[in-house]
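Here it is, the structure, as C-alpha cells.
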Amino acid sequence: MNDKIILAIESSCDETAAAVVVNGRKVLSNIISSQIETHKKFGGVVPEVASRKHIEAINIVVEEALEKANISKNDLDAIAVTYGPGLVGALLVGLQYAKGLAYALGKPLIGVNHIEGHISANFIDHLDLEPPFICLVVSGGHTFIVYVKDYGDFEIIGETRDDAAGEAYDKVARALGLGYPGGPKIDKISKQGNANAIKFPKANFHDDTLDFSFSGVKSAVLNYLNKMEMKKEEINVADVAASFQKAVVEVLTDNVIKTCKIRKVDKIAIAGGVASNSALRENLIKEGSKRGIKVLFPSPILCTDNAAMIGSAAYFEFIKGNVSTMDINAKPNLRLGER
Ligand code: KG4
Ligand code: ZN
C-alpha cells in the first residue's frame, strides 16, 4: 500500500495545532500554537477569546506544518480535523478551515473525535502498539477508562460522573494560589510535600462501577483550606497538593488495574494532558509491574492537545474507507465511538 500523508488540524480548546502524519505513526511536523498566556489572566479558558485566537493562528500554523514537513498541499492524501468534543466556536474554526481546504484541493475530509485522537497518540510513540489494550484518558475536560478492542473500536468502561481529573487539578491549584493551568504546578510542588499529611477522601462508589468522581476530593480540599484559614493556621501548600494528588492518582490507578483484570488485558496506555503527571506515571508503572501489566505513555508533547494525534486517529479511519461529507458539523458533546 502507498504511504498515506494526512494533514491534521486541531482547535477544540485553547491550542491551535496542525501536523503532517504519514501512515498514522510517523510525524513529519507537529505545530502547536498555545493560547495559555492569553487565558491565564482569566484563570481558565474563555470560549469567545479562544475562537478569536484560533482564527488569528490557524492559517499560520497550517502553513508552518506543511513547510516543516516539506510537503506541498498536492502531496496530501486527506485533510483531518477534530469535530468534537470541545468548545463549539473553537471547533468551528478548525472545521471550516479544513472543509475549505479539502474542497479547494479536491481531497477527502476526515472528521476525528478528539478523545480518539488522545488515545491514538500512543500509536505514534509506541510503533509496535496494537489493540487490544486499556486506555486511561485523563485531560482537562475528560476522564475515561476505554477498552480499545481494535483500531477505531472503543468501549467506555468507566468515566467521571462530575469533574474531569484535570479540571479538579486546575480548581485545587487555583484555590492554592498556584495559577493556571494547575496540573503541572501541583505535580511539581507535590514533590516537596508529604502525601500522607492530610487524608482526603478517595472517590469510591459503593456499587461495582469503575466510574470516577473528583468533585468530592476537590470539595474536601476547599473545605480544609477554609477551616485552616478560619483557625488562622498556616497552610502547607506542598502537603495539601501532594495529599490531593495521592487521592486522585490512587483511584485512577485502582480502577484501571481492575479493568485490566476484568478484561484480561495486560497493556495500559495513558492519554491526555494529565498523562504527563509524574505521580500517575510512577504509580501505574509500580502497580502494573507487580501484575505483569505493561504501562505506556506518550511523550508530553503528544499528551497535551496536538494535531499529530488527530492525524494518527484519522489514518485508521481513512484506510477503512471512513471519510466525512462536507455537511459534517461541530459536535461539542460528541461521545467516544459515536459518529
Ligand atoms: O489534554 P489537555 O491538554 O487538554 C484537554 O483536552 O483538556 O489537558 C489539559 C489538562 C489541564 O487540566 C492540565 O492542568 C492537565 O491537563 N495537566 C496536568 C499535568 N500537565 C497537564 N495535570 C496533572 N499533572 C500534570 N503534569
Ligand atoms: Zn485534549
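For all residues, glycine too, the Cβ spot is worked out from N, Cα and C.
Source: prediction; values computed, not measured.
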For the substrate site that TrEMBL gives with Val137, Val138, Ser139, Gly140, Gly141, Gly183, Asp187, Asn277, which of Asp125, Asp153, Asp163, Asp170 also belongs there?
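Matched candidate out of Asp125, Asp153, Asp163, Asp170, per TrEMBL for substrate with Val137, Val138, Ser139, Gly140, Gly141, Gly183, Asp187, Asn277: Asp170.
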Per TrEMBL, which of Asp266, Asp305 sits in the Fe cation site along with His114, His118?
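Matched candidate out of Asp266, Asp305, per TrEMBL for Fe cation with His114, His118: Asp305.
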Would you find the one among the binding-site residues His114, His118 whose Cβ has the most company, meaning other Cβ atoms within 10 Å?
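Of the binding-site residues His114, His118, the most buried by Cβ count within 10 Å is His118.
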Excluding His114, His118, Asp305, please set out which residues of the same chain place their CB within 8 Å of the center of the CB atoms of the Fe cation site, keeping sequence order.
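Output for this site, in sequence order: Glu10, Ser12, Cys13, Thr82, Ile115, Gly117, Ser139, Gly272, Asn306, Met309, Ile310.
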Can you tell me how far the Cα of Gly141 (substrate binding site) sits from the Cα of His118 (Fe cation binding site), in Å?
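Answer for this pair: 12 Å between alpha carbons.
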So which of the binding-site residues Val137, Gly183, Asn277 sit close to ligand 2, that is, with a CB under 6 Å from an atom of it?
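From Val137, Gly183, Asn277, counting a Cβ under 6 Å from ligand 2 as near, there are none.
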For Gly183 (substrate binding site), which of the binding-site residues His114, His118, Asp305 has the nearest Cα in space?
Asp305
Less than 6 Å between Cβ and the nearest atom of ligand 1 is the rule; apply it to the binding-site residues Val137, Gly141, Asn277.
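List returned for ligand 1: Gly141, Asn277.
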